[in-house]
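Features as listed in TrEMBL:
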| type | residues | note |
| --- | --- | --- |
| COMPBIAS | 59-73 | compositional bias 'Basic and acidic residues' |
| REGION | 59-81 | region 'Disordered' |
| TRANSMEM | 105-123 | transmembrane segment |
| TRANSMEM | 135-155 | transmembrane segment |
| TRANSMEM | 175-196 | transmembrane segment |
| TRANSMEM | 202-220 | transmembrane segment |
| TRANSMEM | 227-245 | transmembrane segment |
| TRANSMEM | 257-276 | transmembrane segment |
| TRANSMEM | 296-317 | transmembrane segment |
| TRANSMEM | 355-375 | transmembrane segment |
| TRANSMEM | 382-405 | transmembrane segment |
| TRANSMEM | 411-431 | transmembrane segment |
Amino acid sequence: MASCYRRIAIGPTALNIPVQRPKSRYPVEIPVFPSRSYNNQFSFGIALRPRNCERVEAVRPEGRSEGGADADKVGPGPGPGRCFYSVEDRTVEVEKGERNRAVEVVVAAAMTVVFGVGNRVLYKLALVPLKRYPFFLAQLATFGYVVVYFSVMYLRYHAGIVTDEMLSMPKVPFLGVGLLEALATVTGMAAGAILSGASITIFSQTFLVWQILLSIVFLGRRYRVNHLLGCFLVAAGVIITVASGSSTGHSLKEAGIFWSLMMIVSFLLQAAGTVLKEVIFLDGAQRLKGGSVDLFVVNSYGSAFQALFIGLLLPFLPKLWGIPFSQLANYLKDGAACFLNIGGTLSSGCNGAPLLPLLFVIVNIGFNISLLHLLKISSAVVSSLASTFSVPISVYIFTLPLPYLGVASPLPTGFVAGAIVLVTGLLIYAWSPSGSSSALPSPPT
């Protein structure tokens, strides 16, 4: 049978021009054959059998050449050339896109781990000059975020990256993020004043559990067995690493059940805020018709509402740090003098300021940006795993002779075992069973 060739016109209109049938190197045979019988009756069917490959040629109506003497009369110019589409090429394209996305997620996760380690180490260093003013450092970071994020968003708006549609998105979800993070800060500060650092790190592993549960409930996400097992091993590895010290169990008994539950609630609120950010990205993709909300829009409005609620709770927060509200003004003034390290008695013992606190604030901002970027292209659970992986690395770095810290901390006895369990959990989580395209959740589209 003769081959069939069809040309498809793309564009707002199609011209009524007769199409000549060119000779194709890849004819398509359409044989007629009897199909199987149904109720003792035979029917005839048509089967398409492409030879070598399938292709579609698409040309614009203006500038397409039909051949023949009148070919130059169509359109002012030669127009674009022919475009061929092949099923095999499309498959390769999809696989290449999946590989590129996986590489992007791995790079973003590595950056999150690096910033996470720097954030933990520099926080400890920043408290060396500001050891008497931790509440001042917390407020400096909280309100500093608002200035930095809105400044960057302003520049990105004028560069055309942030659009009016992004800025006109409903602000109620951002208000919810700010409220959840403010409440998480308050409850975490209250429990942190009682619990030890090792206990806080152990309770922080509930953050991953809350994220999994909340994403199942509110995002309808389903996890494979290897995902759940991997997350469990990651959390167990961190607990083994940190809890191997002899004083950890004793500090947990001293803290009591109430403050332990308070810290767990703090991480529940943090996880809810992270999942709500993921909901904002998903909703933004629908509102922007396939576009993506700029992460500085999410960070700016979320931080602004968090600072607003922190300001409303300011009369109660200083008491959690043992500061009477009547002395708050003097406390902040003394903290600013120590931060600036200006001459006088107020700055005595503030060696390392303002360099160390500024480095902490800068790296902390970078950590939050990298964490939100990873959340945007993957999921809340993946971002949490990357953040968790920074814990044992930070524990090891504290065993090195760092400046301003004096004597290095001893390496916990269960460090190696905990690190092995943690890495095993990450490998199990990233493992993709046969027949599955990727172990990573799909990004918001």
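Placement of Cβ uses the backbone N, Cα and C atoms for every residue, glycine included.
For the transmembrane segment (296-317), the list of distant contacts is 135, 139, 142-143, 145-146, 149-150, 152-153, 156, 162, 166-167, 169, 171, 174-175, 177-179, 181-183, 185-186, 189, 273, 277, 280-281, 325, 328, 368-369, 372: same-chain residues at least six beyond its ends, Cβ to Cβ under 8 Å.
Highlighted: of the candidate stretches 135-155, 227-245, 355-375, 382-405, 135-155 has the greatest count of Cβ pairs under 8 Å to the transmembrane segment (175-196). Tertiary neighbourhood of the transmembrane segment (411-431): same-chain residues 226-227, 229-245, 385, 388-389, 392, 395-396, 399, 439-440, selected by CB-CB distance under 8 Å and a gap of 6+ residues from either end. For the transmembrane segment (202-220), the most Cβ-contacting stretch among 105-123, 227-245, 355-375, 382-405 is 227-245 (pairs under 8 Å). Among the recorded stretches 105-123, 227-245, 382-405, the one sharing the largest number of Cβ pairs closer than 8 Å with the transmembrane segment (355-375) is 105-123.
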